[in-house]
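First the structure, in the form of structure tokens, and then the observations on it.
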Amino acid sequence: VGLAKGLRKVGTIYPLVVAVLPDVPPEHRRILVEQGCVVREIEPVYPPENHTEFAMAYYVINYSKLRIWEFVEYSKMIYLDGDIQVFENIDHLFDLENGYFYAVMDCFCEKTWSHTPQYQIGYCQQSPKRVHWPKQLGPKPPLYFNAGMFVYEPSLPTYHDLLHTLKITPPTPFAEQDFLNMFLRDVYRPIPNVYNLVLAMLWRHPENVNLEAVKVVHYCAAGSKPWRYTGEEENMDRNDIKMLVNKWRDIYDDEMLDYNAVADPAADGLQLTAVLTEAAGVVRFIPAPSAA
């Protein structure tokens, strides 16, 4: 709901689609519909059974994100996690060159990355000159994106390849994010962090952040979710964090941004469709050209 209202505020000309898992209750679906969302149900996707310990227990359900490659009635989509807010219009991302996968590079500096050699030696792709990659560890790792926001093209062949590859790929701690990075490494193209500001960048790489230019904020840091923010967790008492949380809350609380408060949604290009998964994901789209 907060994201739908945020997209209304920035005046997107594109609809927003979304999918729910079967266990999303009717009451939650009704709320989405009342906010102008169209709910599309998807079936969950699970990784092969093994004893992998995910960085967060709920990551296991995030593999259901792979279903959105099946949405071939649309030629291009922007995926957004449910803990994201859009503060400036990003419609121009739909004009990016076809044939590639676009996303923002992740940061390896938080403790959730402690299982990786990057974290253990202090290396981060956000500041690669700060700590150089040691030769004894072999080739430098390929660029690695955060999968909370990305621009992609639905494709049934890609969808089937994703599911087939998943069946034979052992799960890793960052679940579908690790998997997508592996699968899409040859077509991945980085985009600036203004399109997906991971909050850890504020204290890990402040030199790389221009808050005034940020268009999309990802409230993924522990304690940063605006709907349950207390300011008690580590780094959450920062003024920039408080400001970003308040910006999210201002949008959510603004009744003028409710779907029913828009007199003529079609005239404003604000027909919103949304799908909330248990992974809390949403998707914006461009319709595919008609056969005619």
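Every residue gets a Cβ built from N, Cα and C, even glycine.
Note that this is a predicted model, so its numbers are computed, not measured.
What Swiss-Prot says about this one:
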- Lys65: active site (ACT_SITE)
- Asp81, Asp83, His218: Mn(2+) binding site (BINDING)
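Comparing His218 (Mn(2+) binding site) with the residue listed as 'active site', their Cα atoms are 17 Å apart once rounded. Its Cβ placed at the centre, Lys65 (active site) has 25 other Cβ atoms within 10 Å.
For the pair formed by Asp83 (Mn(2+) binding site) and the residue listed as 'active site', distance between Cα atoms is given as 15 Å, rounded to the nearest Å. Comparing Asp81 (Mn(2+) binding site) with the residue listed as 'active site', their Cα atoms are 10 Å apart once rounded.
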